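Notes follow the structure.
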Amino acid sequence: MTLTERLREKISQAFYNHGLLCASYPIPIILFTGLCILACCYPLLKLPLPGTGPVEFSTPVKGYSPPPADSDHKQGEPSEQPEWYVGAPVAYIQQIFVKSSVSPWHRNLLAVDVFRSPLSRAFQLVEEIRNHVLRDSSGTKSLEEVCLQVTDLLPGLRKLRSLLPEHGCLLLSPGNFWQNDWERFHADPDIIGTIHQHEPKTLQTSATLKDLLFGVPGKYSGVSLYTRKRMVSYTITLVFQRYHAKFLSSLRARLMLLHPSPNCSLRAENLVHVHFKEEIGIAELIPLVTTYIILFAYIYFSTRKIDMVKSKWGLALAAVVTVLSSLLMSVGLCTLFGLTPTLNGGEIFPYLVVVIGLENVLVLTKSVVSTPVDLEVKLRIAQGLSSESWSIMKNAATELGIILIGYFTLVPAIQEFCLFAVVGLVSDFFLQMLFFTTVLSIDIRRMELADLNKRLPPESCLPSAKPVGRPARYERQQAVRPSTPHTITLQPSSFRNLRLPKRLRVIYFLARTRLAQRLIMAGTVVWIGILVYTDPAGLRTYLAAQVTEQSPLGEGSLGPMPVPSGVLPASHPDPAFSIFPPDAPKLPENQTLPGELPEHAGPAEGVHDSRAPEVTWGPEDEELWRKLSFRHWPTLFNYYNITLAKRYISLLPVIPVTLHLNPREALEGRHPQDGRSAWAPQEPLPAGLWESGPKGPGGTQTHGDITLYKVAALGLAAGIVLVLLLLCLYRVLCPRNYGQPGGGPGRRRRGELPCDDYGYAPPETEIVPLVLRGHLMDIECLASDGMLLVSCCLAGQVCVWDAQTGDCLTRIPRPGPRRDSCGGGAFETQENWERLSDGGKASPEEPGDSPPLRRRPRGPPPPSLFGDQPDLTCLIDTNFSVQLPPEPTQPEPRHRVGCGRSRDSGYDFSRLVQRVYQEEGLAAMRMPALRPPSPGPPLPQASQEEGTAPEKGSPPLAWTPSTAGSIWSLELQGNLIVVGRSSGRLEVWDAIEGVLCCSNEEISSGITALVFLDRRIVAARLNGSLDFFSLETHTSLSPLQFRGTPGRGSSPSSSVYSSSNTVTCHRTHTVPCAHQKPITALRAAAGRLVTGSQDHTLRVFRLDDSCCLFTLKGHSGAITAVYIDQTMVLASGGQDGAICLWDVLTGSRVSQTFAHRGDVTSLTCTASCVISSGLDDFISIWDRSTGIKLYSIQQDLGCGASLGVISDNLLVTGGQGCVSFWDLNYGDLLQTVYLGKNSEAQPARQILVLDNAAIVCNFGSELSLVYVPSVLEKLD
């Protein structure tokens, strides 16, 4: 699978899960979306309606005079001047833009020194402006004569009376915070607190007091303790009532003479007249409102032909609300991030939102209504989103790529449009995926099946070849189980390929081709290309300026040589180049330091002499007022009861002022508390970090670009926040059973199968499985190695089956002649124990940790014993050197098959066999014991080894002898079967010959679990102990093909031992107290053995030497299920219903989840999922990495533990006479297979998946062998 296919699959899965979430919890999602819309639209309360923002008009400064009060141009004659440009303006605004910095900077300065000393110079500037007088031939003119005189503030602004001027000239500066008193400023210990004390606590989008007095947005002022640019910017705002050109020119000349800006290239050519419209402009809204009405009508007209939509007008209204909310959210978010959207220069943006939103609505509607109607609503929504997920994400990625390219063209018009567009796309995607999808799910949910049956479908209008009495909609015939719910399936393609109405064809064409979005993207690319080439301040000019600046021939003179990265610049804050060493003494006032720039003097020769000034000016500084809120000037004039509605003001060119402050002035301007405050000295920053930004044309620096980058970063952060919110909502509200439709929680019903990619639901099928019969009682143990299948029932009978053909190869014990007509039979189980006199057949004791298991030589089966005699082989004693006691001290609990009749004549053996006959009388129907011979030990020793109580509840017809005990565990590898019995006896059988290879004569506690891995056998016992055994053969092992039907070309998955070999089993290690209570679970993999016990703990052993590595504690109940694989991932389940994931390498618990309300009965894992089942009849699927529950499947009663994993994507579960196949990735029910009438009433108690794509189902005393290759081929 390629990367694109994997990415497409992941995106499809994400959209599928999202559709399930929206359809499962519609009301909370709609409420959440509504809150998000309101929160994003809150900044719009302070914005004008579209079309009511201020309008600009520029005129040259040279020769300017106020226009006459009456327009002199004729009616209907075209004119360049707008209609509102008549008469004198309300006021003339003159801003003196001040940039100041402390240079050079060294590490001994504090953060407060960045702005305290520069702000102190504002008082001197204000004093210079107030004292300026124009003297010419006509007389003298002072500021008081030409400025706008204001009176009292409005009565509701008492708090601002000490900050804003009254009864005098309207002059604003940062000094107003301290009533223009330098002493008050110098005595203020907290400048930041004074500036922000009148800031609103909530979100404020209109002009604030700080913006009014500073004249620049707060983020550009540099008055902050955490600024990285050590530069302070503010303006001194003068408001004139009359335009006096000579006075303004003299004021500009004086200020530029006192505070020169040598690198300033600001143009002072134009006046900008700003006209403010009425607060409510209905006329401008008519085109946009008309567009949305047309959108509503078109969607309603189009959806009238879609029968799958319940409320046509409701869907159209939801589409309009989605598009309108997307527009409002975009404008609100842009305002929140610092942009001032007026939509004057981009009226096309709302209409683009309409077009894009309409197309997305049509795409989603078409995709959802095209899904099969027999599916549940949430599955239809999920499949509809999943089918369009790739195209949606591909178009969104393309649009974002075009926007990103356009943003980095450095053209302001393109950058503004791109910022609006990216926020608009994110908000539109958010609303489409949450709001409209949820509303669509609610509408489709109202479309009940009863409503569908009330109207005739289109296919009923077709001529029918059958009689008229045929029903209109064909029902799929249910061959069996007529009581089950019917399934409505789609008709064949010949019925479905009807001619659609024209309006639907238009909708489907737009949705299929996405023509509108592609045309918009193409137009955007062309527009960006034209603006990039023609814009004078765009990327082309910027690159040309960079080349010219670095060229030695640029502009006819040698430009500044670029400094390598390893060379320190002049303003580097290294101590060796600092103007003040850390321990430098304070100098007298009449001395200056080398390299310092004295006031009113040129640059001195020294280390800190910088020919490139740090304070730079760029084209964006000419009209900095544009960055202010559009309500900045109306708010200022409203304070004095002056309205700007239907009037205009004139903005004069900015007067630049540059202030260079040396460190000594910053130190002298400190407040005594500054050194003891929390403003700790900041670490020095490289000079490049606090310069204005990248240099633009002419060597200027465009720090406005950095602002745009910040806005883009904020937009990206907003998108990430929205995604995180969606993720949190998904994690919190995601239904745990979203993958299963139906009435019950997470329970699938027949007839509710999801459809495939072609729109068809997979049918329910019924097959005739291979039924494996031969057990008298319920099957308890199953084992397989892929080619052989071994089963054991409660009666102790072991059957070996061919997993390919279902033939019974061997039965252990072998059947013999019937004894009576009751249906039972005595099978020949007596091996040739009498042939022990043939020497060498019984292996002697070998040195080791414990006595070896006795092996049995192979040979033909001997004749059976008399059916009416008990087994007296236990009384045979070959040790003639020891005198037997007259009576055994311990009872001999041996049960064998026999009639128990005694002889009438002959030697009286009653003293020896009386107890055996009495016991045989209690259980006369039991068969002879299957026991290897004992060559030497005396009878008491044999009695002690095999002393176990008989089974109380055994049926009269049983297969396993009571002395050996019932079979508790079973394992298979190759052709060897390892059996663990309740008496503690371990037996190794040949699966093909049906003979006993070897057994353990040391009777101990019952074997509860077995592990047969390679040549090692591990037995877990009831008393909590572990025994490690090793299989050995006297000749080499060779993989052989066991006897079976021809045609199986594959070899067995494990080694098959040759029949000529003699197998012995030695116990290598014993852990006497592995657990304090019985061991209930045992698994081995990757050289590790994991045990689980009723003492609530797990233990990890090394398989080689039985060394205990870890004891894992985390469950509050007995361990019931354990899983471990080759990746060292361990999962455990207990009676507390919890599932724990462990790291076998470290012994640490990775996660814990409470999965079930009862015991965890089985546990398995795939590469990405953990699958568990419990006594609550639920199968839960968990994410393996996060431990989050994906979904659950409710099983039929008694089928909770019947599950199997065929592959990483396919799960099989059992039901009442059926098996179901599920897609693990999506939780989809793929197919349900019924196993015939014989198994209809039987629950599948156990499922075993074989290597040859076969499934073995345990239905009580019968097994069903099922092959489902079609599902496997489809998934693979």
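Cβ atoms here come from the backbone N, Cα and C positions, even for glycine.
Under the heading topological domain 'Cytoplasmic', Swiss-Prot lists 1-18 (among others). Long-range neighbours of the topological domain 'Cytoplasmic' (1-18) within the same chain, counting only residues 6 or more positions beyond its ends whose Cβ lies under 8 Å from a Cβ of the stretch, are 382-383, 385-390, 392-393, 433, 437, 730, 734, 738, 1225-1226.
According to Swiss-Prot, the transmembrane segment annotation covers 19-39 (among others), on the basis of sequence analysis.
The topological domain 'Lumenal' annotation in Swiss-Prot covers 40-279 (among others).
Taken from Swiss-Prot, the feature transmembrane segment covers 280-300 (among others), and the record attributes it to sequence analysis.
Look at Swiss-Prot and you will find 284-442 tagged as domain 'SSD'.
If you average pLDDT over the topological domain 'Cytoplasmic' (301-312) in this model, you get 65. For 301-312 (among others), the entry in Swiss-Prot reads topological domain 'Cytoplasmic'.
What Swiss-Prot lists as transmembrane segment is 313-333 (among others).
The topological domain 'Lumenal' annotation in Swiss-Prot covers 334-344 (among others), and the record cites similarity to another entry as its basis.
Among the features that Swiss-Prot reports, transmembrane segment is placed at 345-365 (among others), with the record citing sequence analysis.
The topological domain 'Cytoplasmic' annotation in Swiss-Prot covers 366-401 (among others).
Taken from Swiss-Prot, the feature transmembrane segment applies to 402-422 (among others), supported by sequence analysis.
The transmembrane segment annotation in Swiss-Prot covers 424-444 (among others) and rests on sequence analysis. The list of residues near the transmembrane segment (424-444) in space but at least 6 beyond its ends in sequence, with Cβ under 8 angstroms from a Cβ of it, reads 18-19, 22-23, 26, 29-30, 32-33, 36-37, 40, 308-311, 314-315, 318-319, 321-323, 325-327, 329-330, 333, 349, 352-353, 356-357, 360-361, 364-365, 368-369, 377-378, 380-381, 385, 396, 399-400, 403, 715, 718-719, 722, 726.
Taken from Swiss-Prot, the feature topological domain 'Cytoplasmic' applies to 445-518 (among others).
Here Swiss-Prot flags 447-452 as motif 'ER export signal'.
Under the heading transmembrane segment, Swiss-Prot lists 519-539 (among others).
Here Swiss-Prot flags 540-707 (among others) as topological domain 'Lumenal', drawing on similarity to another entry.
For the repeat 'WD 4' (1074-1111), same-chain residues at least 6 beyond its ends with a Cβ under 8 Å from one of its own Cβ atoms are 1008-1011, 1013, 1016, 1018, 1020-1026, 1028, 1068, 1117-1128, 1130, 1132, 1134, 1142, 1144, 1147.
Helix, strand and coil counts from DSSP across the topological domain 'Cytoplasmic' (1-18) read 16 helix, 0 strand, 2 coil.
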